[in-house]
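Trainee: The structure that follows is given in the form of structure tokens.
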Amino acid sequence: MRILQLSDPHLVAADAALVRERPAMTLLDRALLEGQRSHPDLVLISGDLCQDESWGGYVRLGRLLDRHVNVPVGLLPGNHDDPLLLKAVLGRRFCTAPAELIVQGTRLVLLNSHRSGCSAGWLGPHQLQWLQERLADPLRRDLPLVVALHHPPVAIGHPVMDTMNLSDHHQLAAILQPHAALRAVVFGHIHQHWHGTWPQRPDVPLLGCPSTLRSFQCVQPCPLGRAEDPGGRLLEIHNDGSLSHQVLRWSPC
């Protein structure tokens, strides 16, 4: 089962508008087109979907997804999002966090780390309790598990981004680390490739995703040597339950 992860498109209501000096809509359109070459079974966009948190921005996101994608879609809110508006506009057609998806025997749990008025992330006690109850389901607990959220669940070594990661990351780690079926935790927010682990679970990769819009100063070298290009990530759960992953990059024009 293949998951195409894209992140941080920062769309706005105006089709041709520049965001951070780049054409956000055109770049996400390109990312979806390039990503389909990998033949994913699910598309995940891990937050900061709509820079201006507008109805029009989410409508345009839906149109792009309808144009390019014919597999299940998971959408995560980031700090540059309005989770309620996202759900109102796109929640009937696509899966919005918090939610659980099972695709071809793989379990994907989507978390909402948005906290109103704050750049840092927060899951909160109610969502953490929901997560704990979901993971305890005896009928599903042995399925390969991928957990996705917008904010990094660990410090990545970046002086700015580490001030706005997930504030309740210790509570999340305490819930996730005991689960033998956990294969990966994936996130956005940092606009760059990043690969780390928890010391307690060195077998579980913690994976940051490049942005479809533009990159921030990188902590780790890009495996493809293209740190400035838009990109994404492809994850594959194999028939034996093992996971492989790779960074994807493409030209911005």
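Any Cβ shown, glycine's included, is placed from N, Cα and C.
Given the structure is predicted, the values throughout are model-derived calculations rather than measurements.
Below are the features listed in Swiss-Prot for this protein:
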BINDING   ASP8, HIS10, ASP48, HIS191  Fe cation 1 binding site
BINDING   HIS10, ASP48, ASN79, HIS80, HIS191  AMP binding site
BINDING   ASP48, ASN79, HIS150, HIS189  Fe cation 2 binding site
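Tell me what's around each of these sites.
Mentor: Every protein chain considered, the tally of other Cβ atoms within 10 Å of the Cβ of ASP8 (Fe cation 1 binding site) stands at 29.
For HIS10 (Fe cation 1 binding site), the Cβ neighbour count at a 10 Å cut-off comes to 26, with all displayed protein chains included.
DSSP assigns HIS150 (Fe cation 2 binding site) to coil, not to a helix or a strand.
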Trainee: Any idea which of the binding-site residues HIS80, HIS150, HIS189, HIS191 has the thinnest Cβ neighbourhood at 10 Å?
Mentor: HIS80
Trainee: If you skip the near sequence neighbours and keep only those at least six away, which residues in the chain come within under 8 angstroms of ASP48 (Fe cation 1 binding site), Cβ to Cβ?
Mentor: SER7, ASP8, PRO9, HIS10, GLY78, ASN79, HIS80, ASP81, HIS150, GLY188, HIS189, SER211
Trainee: If the Fe cation 1 site is taken as the center of the Cβ atoms of ASP8, HIS10, ASP48, HIS191, which further residues of that chain fall within 8 Å of it by their Cβ?
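Mentor: Result: SER7, PRO9, GLY47, GLN51, GLY78, HIS80, GLY188, HIS189, SER211, THR212, LEU213.
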Trainee: Give the helix, strand or coil assignment DSSP yields for HIS80 (AMP binding site).
Mentor: coil
Trainee: With a radius of 8 angstroms around the mean position of the C-beta atoms of HIS10, ASP48, ASN79, HIS80, HIS191, what other residues of the same chain does the AMP site pick up?
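Mentor: Checked against the 8 Å cutoff, the neighbours are ASP8, GLY47, GLN51, GLY78, ASP81, GLY188, HIS189, SER211.
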